[in-house]
Amino acid sequence: MAMAETPPDEIMRAADTAGWKAGMRTIWRVTALSLRSPWMVAIALISTLIAAVLQLLIPVLLGRAVDQTQRLITDPAGQDATAALWTTALLVLAVSVGRGVFTTFQNYYSESVGHRVGYALRLAYYEKIQRLSFGFHDRVHSGDLITLGMLDLEGVRMFFSTGLVRIVLLSILIGIGGYMLLTTDVILGLLALSFVPFVAWRSSVSQLKLRGTWLELQNRLSVLSRVMEENLAGIRVVRAFAARPHEMGKFDAASTRALDLAHERVDIRVRNTSAMTLSFFAAMGLVLWVGSGKVVAGEITVGTLTAFLTFMTILQMPVRQLGMLVNSFARTATCGERIFALLDLDLAITDKPDAAPLAVTDGVLRFEDVSFTYPTSRTSTIGGLSFTARMGETIGLIGPPGSGKSTIAHLIPRFYDVTAGRITIDGQDIRDVTLASLRHAVVVVQQDAFLFTTSLENNIAYGDPWAQPQQIADASASAQLAQFIATLPAGYETVVGERGTSLSGGQRQRMTIARTLMLRPSVLIFDDSTAAVDAGTEQRIRATIQARAAERVTIIVAHRLNSLMHADRILFLEEGRIIEQGSHEELLAQNGRYAALHRLQMRPDEIKTASGTTDKTSGEGQP
Ligand SMILES: Nc1ncnc2c1ncn2[C@@H]1O[C@H](COP(=O)(O)OP(=O)(O)OP(=O)(O)O)[C@@H](O)[C@H]1O
């Protein structure tokens, strides 16, 4: 059943509160995934069946060997008995080898089926995460998504080998084996099987307890990894504030919580193992006691007693594993429920069934009475915003922090969908066209200059993997990076550190600009993307961008007036509304908020010139 985009907290809770019917549905879905490899499933199950039957033959053969040996003791010259013993010995050998071979097949193919299930789920999961909206990712801790994609997926992956195959194995061993024992001698059979209910019960209870603590342990470990992740991401802040003791304290507290639970788990395991072992040996003692009486009374042979004892030894392990079987079902139901809850989410932002590619003709971008409220917010961020931008125009967006500038930038490529009103490009509502074509036509140079851990070249060509070296060099030159790259020993092959940490803030920003200049969008948005670049470099970048501005709408979001005073039209925003608009000169003439900001940011000599293109200052004043 599909759900609207739901945050993972609710996905986790959905798994905890789901009833057994939902659990069985999940088990069936995982089984159906396994059945996508029918040949492997068939080989694994048939091998399990044959291996189990061969295993059951071993006690029978051993029993027979003991009887034959006894016959030899009473009649050492008996040729028939010697030959029979040899035959039995060879049969034991052949059966053991056969069992080994089929067990290998069973393990190999059941593991392979599990890996294929894991592969299919991992791909589907990753693909879904790529497609879920920004609104979803805003509400999610990336660590939770990683836990879901690694640990929960692993829990589901193992279901075929630890659940389905084991249930076949146990059914045959307990079913056929039990039948053989009971039909040979009812009393002895019942005694031999007497440990089964107790061990099965203890093992299931302990495994379910272990499962509960395992889930809690995962929660505590994920807190631990969050602490570590945050510490590493903010390592510079930690060092700058000499906060090592505080950070160590936080980590120690989280670590101790995980350790306490690990001790609790060891306690559960050790106590149950002892109880199960005791019950097994108690049953064995009973079989020996009653069985030896029967041997003395001539009711059964020593070989039969040996077969009973050997069978008990064989049965011991699988019965102990009954708990694991129960655990495997429980784990698959919970983990699978969470994974499928995410996979089944309806995408908040997706193509309509009849969506056509965006056709850009005149290149007119229009906001028509647009309002927007973030899914997590109660108040609207943008309220009734309207403006039109035509091809060749540059629009500047300025306003106090939180006035909604970046939000406007994110609405155009549909990172979020408007709550009311509409945005059109050449008359086409952007919700009616395909996302791929829209994001091809609208490109945002993000505020956060994110770089991948790969070469500079790959980072620049990210949006166009087939780009020629000359194109990459041109884009770098336009972004004023070429000179810097020429000084690096490995040039374009230089690999940047995690998130581009080996570059300065300004270099990172210029890298993201170069990456964008590789593309030819119809709407190009700079979301405060030159804030870390010095004024002179910014002006040179602006000049190259201006050279191609006629082919597109350019939107510049900035705090520095220098970055956007050359725009054809500047929109001054406050609380998501346009409170002033016009060219630089018009806005100065209005002598309103923009003019006040201008006075704040410019030195007196620059105010006098008020040319709108001055570039002598970096103007760091904030609106
Ligand atoms: N992902 C989000 N989820 C919820 N609220 C958000 C989100 N992003 C921004 N906001 C809120 O929306 C408002 C507008 O934010 P926005 O980033 O658009 O402002 P801005 O004008 O670009 O600010 P700045 O100049 O600081 O970059 C702010 O109040 C902010 O807290």
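Placement of Cβ uses the backbone N, Cα and C atoms for every residue, glycine included.
Taken verbatim from TrEMBL:
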TRANSMEM  39-63  transmembrane segment
DOMAIN    42-331  domain 'ABC transmembrane type-1'
TRANSMEM  83-102  transmembrane segment
TRANSMEM  158-180  transmembrane segment
TRANSMEM  186-205  transmembrane segment
TRANSMEM  273-290  transmembrane segment
TRANSMEM  296-315  transmembrane segment
DOMAIN    365-600  domain 'ABC transporter'
REGION    604-623  region 'Disordered'
COMPBIAS  610-623  compositional bias 'Polar residues'
Could you pull out which residues elsewhere in the chain have a CB under 8 Å from any CB of the transmembrane segment (158-180), counting only those six or more residues past its ends? 27, 30-31, 34, 41, 44-45, 48-49, 51-53, 55-56, 60, 106-107, 110-111, 113-114, 117, 189, 193, 196, 311, 314-315, 318-319, 321-322, 324-325, 328-329, 331-332, 336
Limited to the domain 'ABC transporter' (365-600), I'd like the whole-number average of pLDDT. 87
Cβ contacts under 8 Å made by the transmembrane segment (39-63) with residues that lie 6+ beyond its boundaries: 88, 91-92, 95-96, 98-99, 102-103, 105-106, 109-110, 112-113, 116, 160, 164-165, 168-169, 172-173, 176-177, 180, 301, 303-308, 310-311, 314
Let me spell it out: take the transmembrane segment (83-102), skip the flanking residues so only those 6+ beyond its ends count, and list any with a Cβ under 8 Å from a Cβ in it. 47-48, 50-51, 54-55, 57-58, 61-62, 64-65, 68-69, 72
